[in-house]
Amino acid sequence: MAARAPQVKMPKQPAEERIHNFEEVARGYTEQLAIEEALRCLTCPNPQCLKGCPVDIDIPAFIALIKEKRFDEAIKKIKEKNALPAICGRVCPQESQCQKFCVLGIRGDPVAIGRLERFVADWELEKGVEAPPSPAPKGGRVAVVGAGPAGLTAAAELARLGHRVEIFEALHTAGGVLMYGIPQFRLPKEIVQAEVDYVGKLGVAMHLDSMVGRIHTISDLFDLGFDAAFIGSGAGLPQFLHLPGENLNGIYSANEFLIRTNLMKAYRFPEYDTPINVGNVVAVIGGGNVAMDSARSALRLGASEVYIVYRRGMEELPARVEEVENAEEEGVRFMFLTNPIRFIGDEHNRVTQIECIRMELGEPDESGRRRPIPVEGSEFKMDVDTVVVAIGQSPNPIIQRTTPGLETTRWNTIVVDEETGRTSIEGVYAGGDIVSGAATVISAMGAGKRAAVAIHEHIMGKKR
Amino acid sequence: MYRIVKKRALTSNIKMFEIEAPAVATKARPGNFVILRLHEKGERIPITLSDADPEGGTISIIFAEVGKSSAQLGALEEGDRVLNLAGPLGNPARIEKYGRVLGVGGGVFVGAFLYQIRALKEAGNRITAVVGARSPEHLILVDEVRAAADETYIATDDGEVGQAGLWFLEGLLQERRFDHVFTLGPTSMQRDVSEMTGPLGIPTTVNLFPIMVDGMGMCGACRVTVGGETKFACVDGPDFDGHRVDFEELISRMRVYNPQEKLAMVLYDKVM
């Protein structure tokens, strides 16, 4: 068998240019590149990629349509299962999902399924998106709490099944983490808005500025006439290190740093009203995707030196490999096996230094990763202007606090039946980070979709 | 969009708005705040509620025009609309029967203070109110407070009207036995009152308003140290035990964006 061609590369903005702007780094395939990449697909009789898709997209079918230049049908094929393809094509960790199972991956590069998904989604957005014909009404009314990936997916699915859906979103913009968390240069907000608008075109009504738990409680929603509720309120609560000096000025949670930058567009201050302080030297604590997003945002906001401070090693970084590579290309510096132990400030209560300690890796812990252990006597201080704490997010607690009878775990996640997303309260379902703790966009979407099916069955059962 | 149905100038730079927001008005309680955004490029502006009218479907806010966003807000007229209004946010104040209550309200927060006095009065408390301001021309709602409270003192920093500063409270606190003290006002004022009541062991509730972005527990900009623990004013507060708050840290955190705020104001003035 002839050697297969390598994966077609996606054009990217050069690192030295892109660190000065917030425009998207990866430019997407052209028609020609997309067809070239699609032609690499073997159209296996027993496609393995399907196993890796949490929302069950018919991957070989849409790729076959791209091969034949039938882009319109390709995107329709994807949208049978996924209402947010331009988003998924950009931020899904395909390397650990569909592409992980692609047989081409055994001896070479898997088909770039994500890039192809993105290509057809962008192709459609450019030409204008049509809503599918409305389904026959089934008479159900469903309230969806939170317009993030889980909520949007559940809403889209329920609308397609013929139910009346209203989303209650706490912020002034729909999209959740896609808007406030993931930066413009990785996921343009115009793309998110376009896909949110598509969900609107499916007939879903959107109530912004409406924080469930404050303005309406879950039980109020039933009084308002909803038959069921889906909670997708996400993992919005930032975790801190609880170290001395952590409330010094200049120390941001990653959430705050990214909300100011992405949602409020602080990178365009003073044209936009929300400011941000960055300074020259920025240390980002943590090694996940949010840490990479923060570090790369800091560079673009004008920092001259940006460090990732991570207590384990390169091998253990939880961020996607692609994001780590992008960060490295852009000049983010990595301090592995390093852990902060306190923050030191000046007379104005501004952070000036971090005291750190070197770590070494011991035996594997519960997560299977080797446990970092401090090296005695290895303390040192580094000068910083700004610190971003990116060590994780916890579930937002408001709904749990205001919903009596809703069963939760000790991590404050909502307890659900894995298959259906059913909670301890009849008619109330949940999915996404509020159930799993901080995870991926696509796993939240998968949960939203499963819950939508269960909600549909619940409503149809009641109406019978 | 949320329509401004009534606008009133209380002083040269303090304005009161009634805004149509029926769902918020139904749920609003004293101590809650709302977050406004005026336009697509605007910041999220947290403002403590001064009142709510569930029947009329409106909420009231009182604010001072001290920066670009508040100046822009103040420039709106009746019939104009704000783009976003989220609320009620934060935990409501604990309204219960304490007995003899001393309330100290200052500056622009006297509106929110009055909202709370009325609720506490209804809960059966005897209320001594102190209304403070920098100088007489900054005093607001004095008559309304007088009508709502059992007795009312006025205090100005320069002493031109009423008491000079809050030092008279030292004597008042010794003389009377208050069961509960609450404050709404500038942070330094809330600190001073807490420092006076601390040694006397009188439970004191302060209402904090650090810098916030989302106001919904997401960003942590509003973190305050209370009893050595980090709390988020937006979801754990905004009311806290005044004897346990690290006020110096809070005050320094509230100044972080002063340079940017000045810049924004200078640019705004140029345009206007």
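Glycine is treated like the rest: Cβ placed from N, Cα and C.
Annotation source TrEMBL lists [2Fe-2S] cluster binding site at B:CYS219, B:CYS222, B:CYS234. Annotation source TrEMBL lists domain 'FAD-binding FR-type' at B:1-95.
Recorded features from TrEMBL, shown on the structure.
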residue  : record                        : CB count, 10 Å
B:CYS219 : [2Fe-2S] cluster binding site : 30
B:CYS222 : [2Fe-2S] cluster binding site : 28
B:CYS234 : [2Fe-2S] cluster binding site : 28
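Annotated [2Fe-2S] cluster site B:CYS219, B:CYS222, B:CYS234; additional same-chain residues within 8 Å of its Cβ mean position, judged by their own Cβ, are B:PRO210, B:ILE211, B:MET212, B:VAL213, B:ASP214, B:GLY215, B:MET216, B:GLY217, B:MET218, B:GLY220, B:ALA221, B:ARG223, B:PHE232, B:ALA233, B:VAL235. Filtering of the binding-site residues B:CYS219, B:CYS222, B:CYS234 by Cβ separation from chain A (threshold: under 8 Å) yields B:CYS219, ordered along the sequence. When averaged over the domain 'FAD-binding FR-type' (B:1-95), pLDDT in the model lands at 96.
In the three-state DSSP scheme, B:CYS222 ([2Fe-2S] cluster binding site) falls into the coil class. With DSSP classes pooled into helix, strand and coil, the tally for the domain 'FAD-binding FR-type' (B:1-95) is 13 helix, 44 strand, 38 coil.
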